[in-house]
Structure formats: C-alpha cells, structure tokens
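Q: Dumping the structure here so I can ask a few things about it.
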Amino acid sequence: MFFPMVILKLIDWIIYQLLANSCYRALRKMRRNFYAIVLRSSQQQQQQQLFPTITKCGLDSRGSQHAHIVTDFHGVLLRTHSFFPYFMLVAFEGGGILRAFLLLLSCSFLWLLDYEMKLKAMIFISFCGLKTKDMDNVSRAVLPKFYLENLNVEAYEVLASAGTKTLLTSLPRVMVEGFVKEYLSVDDVFGTELEVNGKRFSGFVSQNGLLVKHRALKEHFGDKKPDIGLGTPSFHDQLILSLCKEGYIVNVKDAENIKNGNNKVTMRRENYPKPLIFHDGRLAFLPTPAATLVMFLWLPLGVILAIFRISVGFLPFQIGTPLGILAGVDLTVKGDTNWESNDPQNKKKGILYVCNHRTLVDPVFISISLAKPVTAVTYSLSKMSEFISTIRTVRLTRDREQDGLTMKKLLSEGDLVVCPEGTTCREPYLLRFSSLFAELSDEIVPVAVNAKATMFYGTTASGLKCLDPLFFFMNPRPGYIVHFLGKIPKEMSCGAGGKSSWEVANYIQKQLANTLGFECTSLTRRDKYLMLAGNEGIVGDNNNNNNNDNKKKKSAGFSYF
C-alpha cells in the first residue's frame, strides 16, 4: 500500500511543478511582451522622425522610371499587418476544414509566442503535408482577390511609378510571388523558403530559416544601394530603409480613415492593376480570427438550414417559396413574369429565357420567380447536383447540330432556360455569349440575375462541384435578384429580324450588362478553367476529344451549370 501512495504523490508533485512552471513562464512572457510593446511604440515614435512618410515621396520630378525600389509586403503594400487571414486561406482552401480549425485553435497560444515562433507555427500548421499542386491553385486563384482588396493605394502608386521593383517578405515566397509578379510587375521576390518532400510541403522552413530582410537586401545589392525603400515603423524595416538612398514610412491607420470617411488607402475595383475577372475558393470574406470563429460557430446551423432550404424547393410553389423566405432566403423579382408564346402553330411552344450565369441555381430561381416549372440544359452537372435539382435538367452532347435539335424539341414542349456564358462568373463581368440559342426561337426573354453571398461562394472551378448548392444555401442570408427584361424586339431576332445569331447574342449580352452594371468581355469557359484549374473545364465526356478549339468554345456555351 505504501508504494502506490508514493507513486501517486510523486505524480501529483510532477504535475504541480509542470503547471507551476508553465504558468510562471506564461506570466513572464506576458510581462516581457507588455514591456516590449511599450518600448517598441516609444521607439517607433522616435524612429518615425528619421524617415519621412510616403506622402512626401515625389517621384514625378525625378525620372522615376529608372528608380530601383525595395518594399515590404505586409503593412506596406497590404494595409493589414496580420499574417493570420492569409494563412487561414491557405489552410482552408488548400488543406481543408480540419486544418483550418486547427489553425484557429492555435490562436489560443500564438499570442504567447514571439514573432519568429508565431510565424513558424502558422507555417507548420498551414503547410505540413500540403500538396504543392494545391498551394499553386491557392496562390493563383484564391489569394489575389484578397490581396487586391487590401492593397494600399499610396504604396502601390509609388511602386508602380518605379522602374525596377524588389520585394522582401518574411512570408513563404510561394504565397506572394505569383501575385506580385502577375499584378504588380515586381521583378525580384525574396521570401522564406519552405522544405518540400516529394510533392508535399514538410511544414518546416529551409535551413536558412525565416528570411532576414536586411541581410537579403545586402546580399542582393552588395555595395550598391537601391534608390528608394518603403517600410513600416518597425525596427526591422528601419534597418532596410537605412540601406537605401531614400527611405519612406508607410503607416496607415485604417480605422481612423474609415471612421473619417477617407478611403484613399483603399483601392477601388476599377483601379486594380489588372482586372480581377476570375477567382476561386469557397470563402467570401477575409478570415480574420474573429470572422473565422463566427464561421465555425455558424457551420452546424448552416448545414441544417441549407438542407432545409434545398428541401422546400421540392414543395409546390405556393408552399415552398414562403417557407424558403422564412428560412432566410432573400429573393427579389423585377419585371413582368407572365410570358406566353405567340406561335399560332404550336400553342405549347415555350419561351426561351436567356440569363447570365452566377451560380448553379440560376434556373431554379427563375422557375421560382415564374412560379412554374422550366427545363434547363447542361453537360457538366454532377450526379449529386442533378439529384437535388428541383427542375428538369437535360444533358447536351457538345455537338452543335445535335444540341440544337435537342433544345428545339425541349422548346416545343415548354419553357427553357439557357446560360450562354457556359460557366459561372462571380465578379461584375459577363463572359462571351454562345450564339446557338438565338437560332432556336424568336420568343426570347433576357433575364438578369445576381446572387449575394456573404460567407461562402456557391461555385468552384477546382473543388467539389457537388457541394456548390450546399455552400450557397449555407450562407446566413443567401440572396438572389431576378430581373425579367421583356421579350427582345422582333427586329432584333434571327427569324423575323434577319439578324445573325452573333448579333442577337451580343445584343442580349449588352442588355444584361447594362441592367446589372457589369462589363462585357470576350472570355469563355475555356479561358476561366485554364486560368483557375489548369484544364479546359470539360467534365465527364471524352467522346469528342478531337473537336477543334473553336468548336469546344461554342459547344461549351450552352451549359446550364
């Protein structure tokens, strides 16, 4: 009996010592951080006087096209100083929801770590076991949207006016290099290098460790000095600026600017260095720790609500529509919804509804707005989406002649919905319209649709398409605006008006763009998938692989989803 009691007391003492020491270390860490913050703030106030602010950087009068500029990324080109949202995007979009949840949990101890350990911890959680291919997709298709939305206008204007641009960052180089070279025309990028084992990241930084920015600057330039340096008031950036001929401080107080109504530091969409037409990923918000926590708290209720919202679509319109609205779906219908065919030879002939393509459920909301069933054509719809679809869907073959006959037959039986863009587009742009629909009927009603998503996007190019409807309806308040524009004039049709199919398609595209406030483009489905997913976006049908590119582009434009 004596021996077990001794063992228990020994274990109790060890646990006590571990807890006491850990609490003591935590308190010491908190005290050091407190004094460090106070000391750093006082130092920054003194150091800010050493270098002028970026507003004093006048490049126009010095021939800036020959100037060599060096800049940091976070806190300079980006208005946000926090790394967390961008690591969360990598973890969620590249690694999945479990990895994202683990990164969120890490916030409970990250604040106790110093800068270097905190960054290494986030790198390990976000990258350990992550495929290099998945990271390439995230850096190409997901991160640019959030970088552009947080781009500092003043810093970008100085950077854009310089001739040669060099960027230094402590972030992994793979997270920023693609964006800054594609959108900001940066020549050289120096960042933290990560270890790669085979086709996956190990989660550890290379042997050189995190990038020491002032050391990298010395190694790159040697005895020469770059003309201009941009940095934050931090001590490490002060070292970089001291190695440049001229140094300027970027210190944007976003909260005060927004509060005072000053949006000069925020870049408007029309002023983006390069138009952002395509992007991928599920998250529709910048995942700060607080916003990410809200998302995970919402997820269980969101899944239940999404299932309920989808289920009520199978009920009669008089019952299902009110229940959907009570469940939080926001539907706005504009224009006349009572349309009938004027064809005296076939009274059953339906109306051809032509709409732009925002999500998978565009035709479903058109059907709900009309309060009657319609048919939609598709060729790239997943089995799951086809199963839960509340309207009839008919698959096409990508053969123009055969698809035309199929759609004519469907029109003779009732109303038909087509999306001539051939794929979804999230941003305020319209892709090129395929012209086949214009040859089918003169009874055409353009429909302008727009979807609202605040938490999750209901479309994806590289993810699981079968989950698209679920993610859309998981939004706290998914919204749709359906605007019926009325039948096109007879003189603008192919039959009675003698117009070519391309003239009709372009006319309707411009009508929809003007109504929605969107911009027309000549891009196609193929362009989107090559940019976002590295493929041509053809799903499940390999019978026509020998078709030329032009035929693919045209046949790709008839799809519903």
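Backbone N, Cα and C atoms are what each Cβ position is placed from, and that goes for glycine too.
All TrEMBL annotations are machine predictions without curation.
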Q: Looking at 331-351, 541-561, I want to know which stretch TrEMBL calls region 'Disordered'.
A: 541-561
Q: I'd like to know the mean pLDDT over the domain 'Phospholipid/glycerol acyltransferase' (351-452).
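A: Overall, the domain 'Phospholipid/glycerol acyltransferase' (351-452) comes to a mean pLDDT of 90.
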Q: Residue list, the transmembrane segment (283-308) vs rest of chain: Cβ under 8 Å, 6 or more residues beyond ends.
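A: Residues 82, 84-85, 88-89, 92-93, 100-101, 104, 107, 146, 149-150, 327-328, 453-457, 469-476.
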